[in-house]
Amino acid sequence: MEDPGETGAHPLGATNLNFVPGHQQKEKPSTDPLYDTPDTRGVQAGGSQQPARTVSLRERLLITRPVWLQLRANAAAALHVLRTEPPGTFLVRKSNTRQCQALCVRLPEASGPSFVSSHYIEESTGGVSLEGSELMFQDLVQLICGYCRTRAIHQAATHKELEAISHLGMEFWSSSLNTKDQQRPSEAPPIPRLKARSPQELDQGTGAALCFFNPLFPGDLGPTKREKFKRSFKVRVSTETSSPLSPPAVPPPPVPVLPGTSSSQTERLPPRQLLQRESSVGYRVPGSAASPCLPPLPSLQEVDCCSPSSSEEEGSSGSPTTSPRLSRPRHRRPLLRSMSSAFCSLLAPERQVGRAATMLMQNRYTAVGQLVQDLLTQVRAGPEPRELQGIRQALSRARAMLSAELGPEKLLPPERLELVLEKSLHRSVLKPLRPILAARLRRRLSADGSLGRLAEGFRLARTQGPGAFGSHLTLSSPVETEQVRQKLLQLLRAYSPSAQVKWLLQACKLLYTALKSQAGENAGADEFLPLLSLVLAQCDLPDLLLEAEYMSELLEPTLLTGEGGYYLTSLSASLALLSGLSQARALPLSPAQELQRSLALWEQRRLPATHSFQHLLRVAYQDPSTGCTSKTLAVPPGSSIATLSQLCATKFRVTQPDAFGLFLYKDQGYHRLPPEALAHRLPATGYLIYRRAERPETQGAVAEKAKTGSKGPEAGAWEEETGGLNREGKPRIAVDQEGKDQARGGHIGPEEQKAEGSQALEE
């Protein structure tokens, strides 16, 4: 068990809590007898059963609280109880040293010498949370619900059975009700058996469907059945229409053995290890800065203005009247190919994750469901100040909770998972609230006169032409204007802010194509903003003002740091410039000044603070036994290399930290860093490596350099060896940092810096 004063990794990064029974299932009426306690197989017995009622996850935790909440137990007692339990089993005890509650979780055997991890629980006025985590819950039961991964250990489905378990208290762990199968690994759920049905049942259609689709949970047999389904249909699906499903790494096993199957068929079953998903690796830094970011929006060069976008499916019923489409009619695909594509899309991991996220958000008994349903009720009740900002904060919190719930299934990579969850939240929250929010924005902007000033600015711009903006550029033909108008109409129909930004990028690309044909390749913001303002006036869509505010407030902050945020700000600046035409001003602001003023106001309110990203360092770890891995560590400003080395020893679980050290990998060589050097003042032309110091001469040279310090003439030699610092004294090492230059449209993001870190590991 870990030291009580030293917290382990985040529970989501290791093993999820699985003491609570499996999925919420309704009790089906049965003629079997029902007793007050379940038998060892989890089968109910006793008298007649009560009417069907769902036992929620929160109710199970509340009823069985005397079993898992052991405030009188110490660390040794928790270790004694959890040593024979399967991974994921948990207890809550009280720490005598910290005077707070501690969540003890059983880890897998392969996780290291310590098979029990302790996580301290912090209590505040806003609720409870794990130490180092920003996820806040109302109470302890709500916290455990947020981190529980449902797994059917006990099939207790009634209140009587749960109360019988509750009466045992601490004795439950050694009782006959706590049964564990010793013949198989505890972390591997059993293979479900298929129930054979008679031909009469199949003809009548009273049973289930003929095709079995594996649900999202537990998910161990998902790729196997998916592969069988693909092999059962002799249909060749082209790469253009097939879903991104990959075959399993090993040949699929046969169908689970039915009752009465011969032993020879049983011997052909592969071992259970082949069905296991790969374990999660890496380290999740607490806080929003370390959560998986959404993939960036496509750049202006990557946007295809002529191809249909996926956001076309997100139109709302209350869309404005559209003009005739200018695109050529689509060719209808063959029926067989369409059917095969539809079947494969049902099995796509994105659809499975989306359906699971929707079910969690619709279930009020879950933590994320309660958050989403309360948000919908609150917004529908009436307007509040800073309403859109509150909705964005609730969406970010709900996405973090969904990621914690669905992330351990490893169906999707982290970036793709965050994107799918964000789309699911938009569909479940923003789609029903879209008409309400649009009506409130329109009412507010009409009351303060913003829409009236914009409509008057549109009229003046159409009358004066390009001269109203001090420019001579315009679109050459009405067809180009109509194409841009169609993109903006699609923007008005969409309810998802990310889809709206994609339509905006397509419209801006059309404008830039026309701009380059007139002003050349060197055209910039001073030429683009007048052209955008003129085209907006010709399109005559005043609702773009409320859509600009809708996108600016509800778009994920990490998506505002690229070209999408740049052109969204350009749209806001252009609308502000048009609104100013109706005011009696002798000399309006120039387009560049108007854009800079709008950018400055927007950055202060919406973009994430840069200081929250500048304390993250990515360190690679060379383990002689398991190979290379890397983690992103939160290092406070002003920390030394000695402090960072201690943090690396803790996070990488090094048993002999004195034998390891931090090295700077540069010029095909390792250079050990002195302990007194500052972690954030390292050069940017290398990579941080935490490895074993195997060569004594390296240690001696480093010790000699450490003695000299930075006062003597040797300090310059060390700076020259390690690359030195820039003149501003800022760190230039390849770490996960973001700056304000990226927020203004820079193309270098944190994901590219992480990719550089992975290249260092390969070297």
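Even glycines carry a Cβ here, placed using N, Cα and C.
Per Swiss-Prot, the feature region 'Disordered' maps to 1-52 (among others).
As annotated by Swiss-Prot, N-acetylmethionine applies to Met1.
Here Swiss-Prot flags Tyr35 as phosphotyrosine.
In this model, the domain 'SH2' (68-151) carries an average pLDDT of 83. Taken from Swiss-Prot, the feature domain 'SH2' applies to 68-151.
Per Swiss-Prot, the feature region 'Disordered' maps to 177-200 (among others).
Residues or ranges marked as phosphoserine by Swiss-Prot on the basis of a large-scale study or a structure entry: Ser198 (among others).
The region 'Disordered' annotation in Swiss-Prot covers 238-273 (among others).
What Swiss-Prot records for 245-257 is compositional bias 'Pro residues'.
Among the features that Swiss-Prot reports, phosphoserine is placed at Ser246 (among others).
For 301-331 (among others), the entry in Swiss-Prot reads region 'Disordered'.
The compositional bias 'Low complexity' annotation in Swiss-Prot covers 316-326.
The feature phosphoserine is assigned by Swiss-Prot to Ser319 (among others), with similarity to another entry given as support.
The phosphoserine annotation in Swiss-Prot covers Ser323 (among others).
What Swiss-Prot records for Ser340 (among others) is phosphoserine, and it gives similarity to another entry as the kind of evidence.
Residues or ranges marked as domain 'VPS9' by Swiss-Prot: 445-587. For the domain 'VPS9' (445-587), DSSP puts the residue distribution at 112 helix, 1 strand, 30 coil.
The feature phosphoserine is assigned by Swiss-Prot to Ser598 (among others), with similarity to another entry given as support.
In the three-state DSSP classification, Arg681 (omega-N-methylarginine) falls within a helix. According to DSSP, the domain 'Ras-associating' (613-695) comprises 17 helix, 35 strand, 31 coil.
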